[in-house]
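Only one structure is covered here, and it is reproduced in the block below.
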Amino acid sequence: IRNQTSIMEFIVLGFGNVPELQILLFLLFLVIYIMTMAGNILIVAIVVADHHLHTPMYFFLGNLSCLETCYTSTVLPRMLANNRGISYMGCVAQMYFLLFLGIYECFLLAAMAYDRYVAICNPLRYRLIMNRRVCLFLTVLSWFWGNVVSLVQTAWVFTLPFCGSNQINYFFCDIPPLIKLSCIDIPLYEMQLFTAAMLVIFTPFSLIVVSYTFIISTILKMASAEGRHKAFFTCSSHLFVVTLYYGSCGLIYLRPKSIHLLDTNKVLALIYTTITPTLNSFIYSLRNKEVKEALRRLLGDRMKRKNIFS
């Protein structure tokens, strides 16, 4: 049994095991961060400014884009600063916000799937069912569960006794690498982590699967080929994000012995903390005709106002 030690600071190793790639990684993460912030902030601005996009679908999309900017900002700025030292309370705060935003996204993606289910399977009652109160309720519920689970899990991890090394073989404070630093029976806590992950990841994912089962069944029954294509196209962006996000999270938290596979987990964690937020803005803007038209309208109005006052 290792002796318990009092840790005041953690050292986040990140990708320090490949020093020859540090400059390349810095440039890569800088570009990713700029693209993520610019893309998602642009989507939020368009959704807020254009009244044509004041619909449930774009309400959830605006929330997702806000979430992604916060999510990425909890990880990438520290990586770019190359500041490996993080205080004990700083590690607590980073874990809380990452878990909160990650769980919030899990449930928000489920809410977006339900929105698509109502739009395609019950279009005549869509506006009645997906009214402002329902949209707000689903968003607040997603926020609530993210907050509750994050508080419980963060408190659980930081009540564990830590032994010996304070070096975290990861690029942010997460549950698996911190459990590995603790003086506890790892298999027992692996089971606890797996159980919690099953509830948090599998519950909203199962709701998404059920929603898309009904959606696909309804689409296949459509007589018009154009209608089927439009419906599939509407859902394809959301399905791609769900696959990428849940796939990478599931491989980390729902895989046996994942605590011992930190090098592999680092690559998977990059997908849902940096790659997915970047792709979201492109998927929902470049492939979305309504968002592109809204951007043209905003730019056109701005040019008109400029010409009037010039």
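Quick reminder: no glycine exception, Cβ is built from N, Cα and C everywhere.
Residues annotated as domain 'G-protein coupled receptors family 1 profile' in TrEMBL: 39-284. The feature transmembrane segment is assigned by TrEMBL to 23-49, 96-114, 134-158, 196-220, 232-255, 267-286.
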What is the average pLDDT across the domain 'G-protein coupled receptors family 1 profile' (39-284)? 86
Can you say which of 23-49, 134-158, 196-220, 267-286 has the most Cβ pairs under 8 Å with the transmembrane segment (232-255)? 267-286
Would the transmembrane segment (196-220) count as touching the transmembrane segment (96-114), if touching means at least three Cβ pairs under 8 Å and pairs must be 6 or more apart in sequence? yes
So what's near the transmembrane segment (267-286) in sequence-distant terms, Cβ-Cβ under 8 Å and 6+ beyond its ends? 29, 32-33, 35-36, 38-40, 42-43, 61, 64-65, 68-69, 71-72, 75-76, 98, 102, 170-172, 174, 237, 240-241, 244-245, 247-249, 251-252, 292, 295
